[in-house]
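Engineer: Input: one structure, supplied below.
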């Protein structure tokens, strides 16, 4: 990206505080209009799975009505009365089949120059803010692509509804809605920060079944995306190269396999080819061994200090400086693209998007901007920008 692009951030005029969606008593009937203007007050009918297994816009709108109404009027334990377990099973199974077939790093093509890409950061169970974002940006459409950058659950009260709504959109428009994995889509985080307890509270004796199915679906979420061959998006960020050398061949007929051991070299950036070969189907990415790339992609953070270094504060992942951002963008010819980012709704050209760091984390990070506007420009280098997007304005709802 050249210096002529210095004024490439242009937030749409509205207060950042408007992102928080407050309760409304206005009745609504969702129509084919992709921007619903208010919220339902009348109890909707319970969900049922379509006989042909195919979702339509009306089904999605009904799902939004059900979740909106139940979130305000039902006790958590009554949730199965509006979203029965068989419907849950059908939705998660259908979505999982789609997600597991997608590559580690999605190549997202843009249909034409009039298309919009909406990049959404952490949601953390804030269902009402997700509904507001969909209303504000417009529903996914042929010329409106959504990239959700992980952390759909934990910390908020409606992680299950948030995740299920996104799965429904994925099933309905698999080539216009893309769901990346966040570090909270793991067994460790969900058992620590609230999602497991939320699921058990809502589904009771079926809760363990529902939770287990959600974990299986998390395993299928892709790690990253490249939009229009220009913009790299990932929840945490950049990742290391895992160089290996063959050890001595084991003796004996029963074990002729050549074991690989990692080289003890200094940290260096990994390649997109290495990312494509990483094993992502692990619930809790390792912090050591040969498969560190998923952990890096999900847990790493930017730094103002040059170079790559271990992320000691988190105990997993990396810290990377502006020089690494420049190296990565230049090496893979990532330049920038007009992208619409939610929370502040800004139009920008950039080379690298991430999420992962909310206001509480940024308070402890000297040299990096806060999250009051929902995004920060962390690195501004010759080849582009590193932008962090965070879309949960009421974070954290629960510690």
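FYI, residue positions are counted from 1 along the chain as it appears here.
Every residue gets a Cβ built from N, Cα and C, even glycine.
Since we're looking at a predicted model, the values are computed, not measured.
Feature table excerpt (TrEMBL):
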- 1-13: compositional bias 'Low complexity' (COMPBIAS)
- 1-44: region 'Disordered' (REGION)
- 22-40: compositional bias 'Polar residues' (COMPBIAS)
- 180-185: domain 'Serine/threonine specific protein phosphatases' (DOMAIN)
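I'm curious about the neighbourhood of these features; can you describe it?
Structural biologist: DSSP states for the domain 'Serine/threonine specific protein phosphatases' (180-185), grouped as helix (H, G, I), strand (E, B) and coil, give 0 helix, 0 strand, 6 coil.
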Engineer: Six or more residues out from either end of the domain 'Serine/threonine specific protein phosphatases' (180-185), which same-chain residues have a Cβ under 8 Å from its Cβ atoms?
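Structural biologist: Cβ under 8 Å, 6 or more out: 106, 122, 124, 147-155, 193, 195, 218, 221-225, 233-236, 280, 298-299, 355-356.
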